[in-house]
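Feature annotation from TrEMBL assigns transmembrane segment to 49-70, 90-108, 120-141, 153-173, 185-205, 233-257, 334-355, 367-387, 394-412, 432-451, 463-485. Summarising the annotation, TrEMBL assigns region 'Disordered' to 269-324.
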Amino acid sequence: MRKVTEETPLLYDGSSPIKYFNCTRRQMSAAPAKMGVFYSIKERLRNRVLLVDVLAALFGMGAWLCINGMYTQLPLLVFNAPEGWALPSYIVVLIQAANIGGVCYGMVQQFCKGKVPDSIFISILMFIGCISLLLMSFFYGQTVKIGESFHSVPLLTLVFTSALVACTSSVLFIPYMSRYKETYLVSYMIGEGLSAFIPSITSLLQGVGGNPTCIIDESNPSGPKKQYTPPPLFSVSTFLILIFFLQLLSLISFLLLKYLPVCKQQKNDYSSPGKNNNEIEDARSSIVVPGSPDKARNQTSDGESGRGNGEPQEFDSGPSSLTSQVKKMNSRTYAIFLIMQACASAIANGLFPSIQSYSCLPYGNVAYHLAINLGSMANPIACYILFFVTFTSLSAISLMAFPTVVVAMYIFVTATRSPRPPLVGTQAGEALVVISWVLFTGLVSYIKLAIATRFRKNGGKGLFWYGAMTQVGSAIGAVAGFVLLNYTTVFQSYNPCA
């Protein structure tokens, strides 16, 4: 066997295809100093194509762009829609109902295995999203009389079709990106974050014009006063058309990602045009890579799953074996995390978005506008923070849940005491409610992603149950919010001219 030297830092002795010698500690510590910052960046970009990164990010942007874009317009819609302040509760329920899209996709894949390419599903969904936004920009203000009252049927119908794109993307878009090298999934996730940032920034520039006031109707001076809201910088229609073009750009990016030769070259070896996501995942899991730490970890010398004597110990300290080092959760911790996830989803995805108008609008339309848009930006920021500051233990997440509950209680109090919440009519009250909503959104987003990270490291079916409890909690919260707002008098709106 040759001696390991500086000229030959990585050698194997021939006895095992996966038993490698490591570089010396002196070599490893000296390498970063030799490389430098620019060399490190060059190494990171060596095996990737910038065009594929851009296309993957634009493709990811289209996942939740429709819903996030429409949601930022709620401060302008609630005053004109017949549903009034209860309009968000209708939208939240419709978004939860749109999860039927993922169920339908699963059924089609079950009964038509491999017959319908996933790219067809994605193209159809993104086209539906484009058409929904375009139609919404023209018909969002139309109403239909149902029984004795009017309802925003065109708007709500188009919200549902837009939500089909968002809800189905979790089971269709992300698995589709597994066809490409793993590095491009990061670009896709950055794009998903942009689907919240871009509409929020655009909406902040749009503004809301100001708070509603009462004016005298010039055509009927002796009649009742009319509510008047100053117009924003540009209308809801203009905003939705801008989002439509971004959604169309996302669709074009997906088609380029699929058909450009340079993008095809960045696909994994086990992907092929005729395979769907499930088949590609099976192919990827069955691949044997010589020297792969994952393969060494999952297969022992006798061919069974587990840790055996034939596994080289050098890989235990590597980052690829992080999952194997994480202590498995006991049943009590497992159940607590699932309950926490269900409660967080019920509040953050269901109940609180429904009552946000009642919590913020008493302080003014500007407060509602800032709470929605800054809160939408806090969501991806919290997810990015998790990459640098990670707390996944039960004690750490429980400690973080305490301030979250305190902020949530204050938000709930402001909603239940509408239209006379604490500090109403003061700048302090307006600032406090905006800060509360931004903190709540950021903290809950961090907690949910931290729980997901813990389940991923734990292995097994943890992520499946994580997703199931997320959907169950969100549905319960959405239904509870809809019932409380539309069939009880717990939450009260007000008319400044009343």
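Yeah, the Cβs are placed from backbone N, Cα and C, and that goes for glycine too.
Highest Cβ contact count with the transmembrane segment (334-355) among the listed stretches 90-108, 233-257, 367-387, 394-412, 463-485 falls to 463-485 (criterion: pairs under 8 Å). Put simply, of 49-70, 90-108, 120-141, 153-173, 394-412, the stretch with the most CB pairs closer than 8 A to the transmembrane segment (185-205) is 49-70.
Count of Cβ pairs under 8 Å against the transmembrane segment (394-412): among 90-108, 120-141, 153-173, 367-387, 432-451, the largest is for 432-451.
Here the transmembrane segment (153-173) has Cβ contacts under 8 Å with residues 59-60, 62-64, 66-67, 70, 77, 81, 90-91, 94-95, 97-99, 101-102, 105-106, 118, 121-122, 125-126, 128-129, 131-133, 135-136, 139-144, 146, 188, 277 of the same chain, all six or more residues outside its ends. No contact links the transmembrane segment (233-257) to the transmembrane segment (367-387), because fewer than 3 Cβ pairs that are 6 or more residues apart lie under 8 A.
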